[in-house]
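Enquirer: After the structure tokens below, expect a handful of questions from me.
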Amino acid sequence: MAIANSDAAMMRRSARRKRRRENVAGLFFISPWLIGFLLLMFFPLMFSLVISFSEWNMVGSPKFIGFDNYVQMFTGDPFYFKSMIVTFKYVFIMVPLQVIFAILIAVLLNRATYGIRFFRAIFYLPSLIQGVTLALIFSWMLNDDFGPVNFMLELVGLPRVHWLTDPNVALYALIFIALWGVGSPMVLYLSALRSVSSEYYEAADIDGAGPLRKFLNITIPLITPTILFNILTSLISAFQTIVLAFVLTGGGPANSTYFYSLHVYRNAFTHFKMGYASAMAWVMFILIVVLTGLILKSSKYWVHYEADGGGR
């Protein structure tokens with residue numbers, strides 16, 4: 001009996017040593033990612049949270065001021081709510097349009113018999129262009145005096161449009177430019193469409209369903225997981241948009257394209273109010289988290305999964 005107990009104890013110790021070696025090996029393999037995450041994301045994030053309660057100009061030592069930055073944000077900053085309204089307007093116009101256009105293009109490509117690879121590449125390539133490059137291209141195309149877009153308008157007898165200098169037009173011009181990045185979500189929708197079983201459409205044909213009914217009752221429900229993913233990623237990206245406004249309009253004209261992220265940037269690197277800029281960034285972070293949570297919460301009512309028989 002004593003020998004059996006001793007053998008069992010040795011086996012347990014051996015198993016523990018084996019688990020320890022496996023844990024150490026696992027930590028070793030993930031250490032590059034873990035170190036990068038800690039150094040480049042977690043520690044800077046925590047530092048910005050601490051700085052948001054301080055007054056700091058990047059030169060001297062941070063001075064703790066409590067919630068003064070947050071109070072200033074809501075009560076003493078004339079551009080805060082203006083930039084927030086502009087950003088919300090941009091997000092809630094651009095994101096739905098991007099979803100609609102990406103789905104429509106994907107549906108058309110999915111039905112194409114010839115040249116699908118060519119057209120898929122054509123629609124996807126603009127999304128590979130860097131934001132600054134895209135902005136410079138459109139700064140020429142939409143130029144008031146010699147831009148080709150206004151030149152073509154004049155050819156058909158229409159007046160020139162001040163795309164980037166008219167407060168009533170500039171924001172919509174930036175939305176139009178941003179929609180050139182529709183290629184990335186389009187590829188995901190195309191992949192989702194390819195995964196929809198043809199059996200659903202064959203059954204619908206037997207029931208006499210038309211193309212619109214099949215699209216609304218079969219296609220859309222079965223790609224809702226992809227729609228959810230694209231809505232979330234597009235929403236997060238749109239709230240952080242800055243490049244187009246920074247390069248093309250500088251927030252103008254008349255602050256019509258003065259995005260929240262541009263306001264954060266100017267407070268941080270023009271006025272060197274790092275504490276205030278950090279507080280603004282944290283408010284936006286919380287706002288994005290709340291909106292993301294609400295969308296995920298609502299997804300149980302409209303996102304369908306084929307593995308569950310099309311149920312939610």
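Positions of Cβ are set from backbone N, Cα and C atoms, glycine also.
Pulled these features from TrEMBL for this protein:
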| type | residues | note |
| --- | --- | --- |
| TRANSMEM | 24-51 | transmembrane segment |
| DOMAIN | 84-295 | domain 'ABC transmembrane type-1' |
| TRANSMEM | 90-109 | transmembrane segment |
| TRANSMEM | 121-142 | transmembrane segment |
| TRANSMEM | 169-190 | transmembrane segment |
| TRANSMEM | 227-254 | transmembrane segment |
| TRANSMEM | 274-296 | transmembrane segment |
Enquirer: Report the listed stretch (24-51, 169-190, 227-254) having the maximum count of Cβ pairs within less than 8 Å of the transmembrane segment (90-109).
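Expert: Answer, by Cβ pair count: 169-190.
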Enquirer: Would you kindly list the residues that approach the transmembrane segment (274-296) from elsewhere in its chain, counting only those six or more residues past its ends and only Cβ-Cβ distances under 8 Å?
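Expert: Same-chain contacts beyond the flanks: 48-49, 51-58, 62, 65, 69-70, 72-73, 80, 228, 231-232, 235-236, 239-240, 260-261, 263-265, 267-268.
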